[in-house]
RNA sequence: GCUGCUGUAGCUCAGAGGUAGAGCACUCCCUUGGUAAGGGAGAGGUCGAGAGUUCAAUUCUCUCCAGCAGCACCA
């Protein structure tokens, strides 16, 4: 066989016979590398140590030192080892797929009886046995028909389906460790003993559909996390514990912000503290929108189904709307209304009142629009995904050639607001036409191009999200993450050529003829509910001073100070600061602890000294050190800190 | 909506086929205390709802409701 030349990362090249495997290459370098090797990169592709190399190439041998490859392999091999463990314990279990996830892996199984939480321990124990056995991993490329026949024989229908999904020109790779076999694209470790037996944990069982197909029976998903070593695993479990403390549902209770109850699932009972956050944000948004050239409107909650039929929402979203039926004694038929699930059709009604001229465009119509959607029960999540919510919604009616400018303007508008609220960076996703949609392909071509081009003028950092657009148009999503890293769409911008058509909106153009406006649907925060949830988690409840519901608690150390405490509170309130007195018969330690847990940013303690000197002792949240300040000084300092960012 | 798990005092949780317990919170009393829980006493529960099995159900079974995790959905 002709020799091939392999070039190493240090630039040196060596000749090998064609068909040499990275395992042999590693062995030719040193015995220890041969043992430590986990995989290779061949011309940039992640390569199994057993796969032959047929051409000249750049090669790198990976060990556990290479984080990216090591974690990928560890997690992938854990998926296989777990599947084997499950099939060894319950041989009637069918295997499906088991991919790597961000911190670990999952494997979906088909089995009659459900896995119980207790089963997880049994599976973990079996996995440790498999690792201890150090079974060598072996791989072969099989002929497609042989693989299908094999899986039909062994009774693994999902694997047969999987093979059908593999492209014609791709190899069908089979992998083994011990007697256990799986179809897999690889690469894998040398042997199961390379897995860190003390650095993984099974995290739970849940349901999952085969390739997301709800028409098929649900599979059982077992998920795990895995790392290179025990310390990393412990660090991750610790992170999860810390994240749980930042959960907005927990902080909402601890900070007395809101509650939810059975009688109104998915709806928020805002307590005084939470409502203060809400109105503070709303006031801020109102100022921003006025400055940004928006007009504010308000529209009805209960609207006849005729309007929803006209807009197209009835057909598509009827099942997700709260329907309100009213029996009118003398009416021919029952009036059927729906609580508005969004504001756009109502805004169009305002636009449609009176003739509009091109001079009125762009018309930016904003509403703090309260909407109700009958979200599926499984979708509800604290105040992040609810059935009753208020959007900072607006619709920009404009001409086609204004789309780009309005898009740029909005992204700038949103960026500045996110910065003010403590989110200097965020992700942008672009979603294009879904399978089920309104409007012609030509219109979609136009809308997608206009939106994407305008966005790209501002940033190239746009993730593509194919097929995920709204039914009437493409959309941008502005995404923030919660405490444990789950993504939430907050802001959005959607181009819509369809609704103005359906609801017959027109304006008189320069040419004196009627034209269709384009509608841009946009929300900055998204919904107040979701945004506040994210805000709480992002700050672990320690909200920026201007948003904090209780900014200052003035706490007495002795009851002799009560009068002065009230005076201090009153001075602070005059300066526009949200201050409360705490003159309860409790020790200062007790008060400090309670208000610290309640995330009050500033505690002013007052005892005999302060009364005599007309000072206060300032204790800021998270700081052990206190400082003494004259009353007048602290009032002006705090008043300045309480100023919203747009008033600076 | 689907799969699994959970539902006991305001909160966090323990408990058992014979109608319930702890800590914190709450109320009152003592204490006036200098920066993350001072001491004592008291009050507080149709054990998520309904049905069934049983002499007896909060405990076992079923149905429903709600919550949690994931999947699906997200105008």
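Backbone N, Cα and C atoms are what each Cβ position is placed from, and that goes for glycine too.
Per TrEMBL, the feature Zn(2+) binding site maps to A:344, A:395, A:521. Following the DSSP three-state reduction, the secondary structure of residue A:344 (Zn(2+) binding site) is helix. Under 8 Å, Cβ to Cβ, and six or more positions away along its own chain, residue A:344 (Zn(2+) binding site) finds A:311, A:393, A:395, A:496, A:499, A:519, A:521.
Residues or ranges marked as domain 'TGS' by TrEMBL: A:1-63.
According to TrEMBL, the domain 'Aminoacyl-transfer RNA synthetases class-II family profile' annotation covers A:247-544. Along the domain 'Aminoacyl-transfer RNA synthetases class-II family profile' (A:247-544), the predicted structure has mean pLDDT 95.
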Cβ neighbour count within 10 Å of residue A:521 (Zn(2+) binding site): 23
Tally of DSSP helical, extended and coil residues in the domain 'TGS' (A:1-63): 14 helix, 25 strand, 24 coil
Cβ neighbour count within 10 Å of residue A:395 (Zn(2+) binding site): 28
